[in-house]
Amino acid sequence: MANDFLFTSESVSEGHPDKVADQISDAILDAIFEQDPRSRVAAETLTNTGLVVLAGEITTNAHVDYIQVARDTIKRIGYDNTDYGIDYKGCAVMVCYDKQSNDIAQGVDHASDDHLNTGAGDQGLMFGYACDETPELMPAPIYYAHRLVERQAQLRKDGRLPFLRPDAKSQVTMRYVDGKPHSIDTVVLSTQHHPDQSETPTKMKASFNEAIIEEIIKPVLPKEWLKDTRYLINPTGRFVIGGPQGDCGLTGRKIIVDTYGGACPHGGGAFSGKDPSKVDRSAAYAARYVAKNIVAAGLARQCQIQVAYAIGVAQPMNITVYTEGTGVIPDAKIAELVREFFDLRPKGIIQMLDLLRPIYQKTAAYGHFGREEPEFTWEATTQAAALRAAAGL
């Protein structure tokens with residue numbers, strides 16, 4: 001990639017229909033883990049106008065009121081009025097869970113290559129990434145896209161912008177100069193709203209646009225990056241019909257929003273609703289942990305990690321490090337340090353990151369990475385000093 005370029009990432013709010021589905025799936029996972037953290041969970045959710053469908057595979061000793069968990073999640077998000085297309089009090093909730101296949105369970109319970117360890121719950125490849133563009137070691141476009149929709153929800157819930165409704169999307173186009181963030185070229189923010197905020201079906205009131213720019217966008221974005229920035233606020237105009245009424249929502253459809261905004265590859269596996277025996281989730285978290293510690297240690301300005309697994313096998317098929325020329329030691333040497341300092345077998349990941357806890361609903365909106373939440377152990381840099389010393393820095 002050239003040193004001077006534009007790069008764009010997007011995010012969506014907790015009221016976006018796909019994120020409603022993700023949050024219900026992870027709320028159900030948490031409710032199960034509160035009683036039985038050894039459960040096997042693959043909870044999928046569909047949301048539509050006035051309807052929630054819960055399906056997937058769950059093996060557990062927990063007794064959970066799945067319908068109530070779904071309703072509570074919808075209420076917390078803010079869908080408490082039939083005018084919004086779904087109302088937690090009156091929506092229909094269908095429960096269609098099966099148990100995990102015994103054929104899968106036998107390979108997960110006892111790895112074929114190490115019977116004292118658990119095997120991977122499926123084959124697949126996962127990526128982790130970190131860079132020095134923000135203090136959180138995340139790419140700037142996705143980091144700030146998340147913060148925009150997070151602030152939209154905050155101002156909606158605390159009543160400062162009472163005309164906002166739950167569904168919203170953001171997009172940040174960053175201008176890079178010499179490979180580093182220089183300024184923000186364009187910000188797009190589309191938010192659901194009360195009907196009285198549009199002048200015509202294709203034009204919003206000037207006061208609405210001003211409130212979005214002054215109360216949501218400018219307080220979030222660094223002032224030094226706002227140089228001739230374009231602001232596109234509800235560019236198609238009226239956005240009253242939204243959430244599950246505007247679009248059917250499904251678990252796992254926002255995998256780029258959930259990760260790095262397109263700044264690195266994605267293996268294709270979604271996170272929400274999956275217990276950590278599923279390496280789609282746990283190994284992606286571990287790969288972020290590894291990459292972040294490498295950058296925090298000063299071994300590279302940016303770092304991409306790929307790991308891959310075979311179902312029922314504990315050891316990863318590969319651990320590949322790519323620093324795009326920013327590493328201070330060879331990538332192959334960094335990969336050796338990864339193998340030395342990080343146990344990337346499924347059971348090792350679960351122990352290393354303490355993943356058998358009800359911590360997942362919080363991950364299901366505003367990004368799984370780059371958030372300094374105490375439960376997000378994969379964001380810690382506890383191995384940075386050891387890596388730096390081992391590299392001789």
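Glycine is no exception: its Cβ is also placed from the backbone N, Cα and C atoms.
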Annotated companion of Gln100, Asp247, Lys278 at the L-methionine site, Swiss-Prot, chosen from Glu57, Glu199, Glu324:
Glu57
Please report the Cα separation of Asp247 (ATP binding site) and Glu44 (K(+) binding site) in Å, rounded to an integer.
17
Whole-number Å distance between the CA of Glu57 (L-methionine binding site) and the CA of Lys254 (ATP binding site)?
21
Of the residues named as L-methionine binders, Glu57, Gln100, Asp247, Lys278, how far apart in Å are the Cα atoms of the most distant pair?
30
Packing count at Glu44 (K(+) binding site) (other Cβ atoms within 10 Å of its Cβ)
22
